[in-house]
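Below: the structure, in structure tokens.
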């Protein structure tokens, strides 16, 4: 009986040991599976994190490239605008210089023309002064000396004298002469200075009355002669 009980005990022990071993194996397998799951999860998390980092780095690279391209485009536009502004300013400066040169040339030409005209006038005046025309006295003398030649009338002499140039002294002397001219039709006497300037004669009241009487008589006779009233 004792032997049988010992066998039963050994069998129960072996069964309990087998159960414990199976439990331990199941626990180990569950632990291994949990470990494998955790490792796979960690690996997936790591992979996802690495992919997220790569995407972020790509986005950053794209942003940096965009910012660099925008900065380069802005710099190129600013450089082009600066070059255009500099070229426009240079063009304006060149135009201003060209206009100034034209103005200077025109001024120089005008000055040269004025100098030439002044020189020509001075030469003409000098020649006229050096070679004055003959006066009336010279014509009278020549006419008196040349008795055999044709005699010139007063009109011809005046025409010849008008054609000849006169000096300033001769002109002043001619204009300073005052003479009395009597109108043959009316009998009026006038004071004429030079070529035709009429002067007023200052007289007394009595002389003024006599002059008016003579003038009215002469005017009446001239009117009657024109009208044919006189015999």
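Indices start at 1 and increase along the chain as displayed.
The backbone N, Cα and C atoms fix where each Cβ goes, and this holds for glycine too.
Going by Swiss-Prot, these are the annotated features:
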COMPBIAS  1-19  compositional bias 'Basic residues'
COMPBIAS  20-34  compositional bias 'Basic and acidic residues'
COMPBIAS  64-89  compositional bias 'Low complexity'
COMPBIAS  92-119  compositional bias 'Basic residues'
CROSSLNK  193  SUMO2 cross-link
MOD_RES   142  phosphoserine
MOD_RES   176  phosphoserine
REGION    1-154  region 'Disordered'
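Here the Cβ of residue 176 (phosphoserine) has 9 other Cβ atoms within 10 Å, regardless of which shown protein chain they belong to. According to DSSP, residue 176 (phosphoserine) is assigned to coil rather than to any helix or strand. Sequence-distant contacts of the compositional bias 'Basic residues' (92-119) (same chain, six or more residues past either end, CB-CB distance under 8 Å): none. Here the residue listed as 'SUMO2 cross-link' comes close to 175, 176, 177, 178, 199: these same-chain residues lie at least six apart in sequence, with C-beta atoms under 8 angstroms from its C-beta. Break the compositional bias 'Basic residues' (92-119) down by DSSP state and the numbers are 28 helix, 0 strand, 0 coil. DSSP gives residue 193 (SUMO2 cross-link) a strand state.
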